């Protein structure tokens, strides 16, 4: 019996006991299977949100890099990142990848510990190490190690036999493969892989149904298989205090770089590096060669003790996918023109030969023909411009600096200046058609022909240009101003408007002053008065020109107050960044001549007529309103009243020690303002003086009350009104005790019924009072125990009697 198992009260013995145990075991197994299936299903549904916390607690530099870059080879894209990878280990489905997953890590481990451990081994070094964390910042026990190449990852796995020992703990290593994306959908507009639950594109908001209908199958694979090429590479994992010189020193054995080829990104607040930098080379082929050299280095490139990751700097714009599987840059023809214009401006500024290498684009690829055509056109344009400049360099002494029309489409805030011929030079007149034909591909891909019917403008397709503040229409090459609703043609420098009836672009109304230049001045004045006051293209251009000049003048005054006089001319060659938008559209040749320093003799010869100024817009003929011409002429003459060499005000005959004092005198001095007013009026003709006085009267406040007082005099003040007094009406009320108390009252009758007789006192022995009790008034004191006074007051007393009694009581109290 010793071998028999003792059965408890809750356990059933006999033949039913084994059946129950078997049923319990089966139930536990089925429950575990259901739990596993539920876990897999929930993990599939939550795959996009499973590891969001690693992005929340990652470094801001790495977060910005992941947001701005797309990983096409391993399937990392901005909508999914590492959430697209399958973390469940299945040996049969495991495929080689350049990303390795480390599982079973200690909770206290950090990314730096993993990086130091991997750098201690010989062989290929990782490009990036990412530790997955929870929202609390605690490690989740696994991390991802990314290598530059697939061969590096496979050799690392073979060398370590898929096992590591970190902090005394055995770590398992597996290839991290992306999950199949058959349930995801690809946006047809921006080529972004979106989750299957999204009904609209995460980036551009395109409808899912349209993309599924238009995008052919197999497009995703074609996008992943095509490499990305550009002329800029990105350097990641840069130390916070690394400088540009350190980067140049590290890259000097492999490429010849200048300081302007490297851009180190820094934080605006801390002024420390944000962890990455950009290196721009002359062509995409040079960038590709440098990238291959840096990625093949063993050990990898290090700058200030940090292992640097190298890759192409991918643009924020995605690549479009054609049905045949080829990729075309998502930059429209407008963006191509912008790039070509920037190339032209930078070449003219640096003075080097304009050669652009488009060899990285394969012949036959879509877009190759356009880029080749733009390259040829702009090389020809640059050669013509440089040839004209060399021929005119010896003939012209004062060279003006203006911005070209190509700067209209500049995407960066930089100014691309080029020297041009002075107004009216033979070179300029001899080559108007050539410059127009060469600029046509850059500014407008199609051009606008007057009289040709076009489709109705679609403002949703316009692209905003930050440098000019206008919207660019890629179909017509025009710039749209939403405020005035005019279109600007950068080729002809003319304003247009859309005519819905004719379905074409019609030039804005231009003045006819050029046709009637030979008529007498009186007739011109009448025509100007009869001209309607509508805002034409000339007036719009004039307003923007005046606005740009005012901004430039303010900025030049501020800059010149801190600089010597000899650097003034060099400073004036630089355009103001605040007025870049106005000058990029409306500045033409000869704009700087108005701001050149003038000697005092020009003030004495100011009676001579000024030469006609060349308009900033080709369509502007100089025929503007009288007020605008008056203001402009006065402003040009006022600039001659200051000698900036001697620091003297010629109008007030005052000399100052520095430029700042002279500027303050012009802006704040009452004497200068009075003299300027007198000078302005002396320079005006009778008609202009009348117009100015009329304008001042309209702008001045008219005190009509003062005019009335001056005409009719001040009237006498009215007599003050007296207050009306109303006598209160007398009210008859009952006064039974006015004449004394008689025997007819109720109290007297009650006392007589009890045996009381008139004249006797109250009480059993008639010892009480014989007269009735009179009402008395007691004056209020200051508190308890204060001495007060009382005086008799009857209801029949008048106000005068009551006052007399109170006064008498006070008098007796004083005694």
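Just so you know, glycine gets a Cβ as well, placed from its N, Cα and C.
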Note = From 78, 222, 685, the annotation phosphoserine in Swiss-Prot is attached to 78
Query = So which of 225, 410, 621 shows up as phosphoserine in Swiss-Prot?
reply = 621
Query = Hey, which of 59, 425 does Swiss-Prot call phosphoserine?
reply = 59
Request  = Of the residues 42, 624, 744, give the one that Swiss-Prot describes as phosphoserine.
outcome  = 624
Ask   = Of 569-594, 595-620, 647-672, which range does Swiss-Prot call zinc finger?
value = 647-672
Query = What are the DSSP helix/strand/coil residue counts across the domain 'RRM 1' (98-178)?
reply = 21 helix, 31 strand, 29 coil
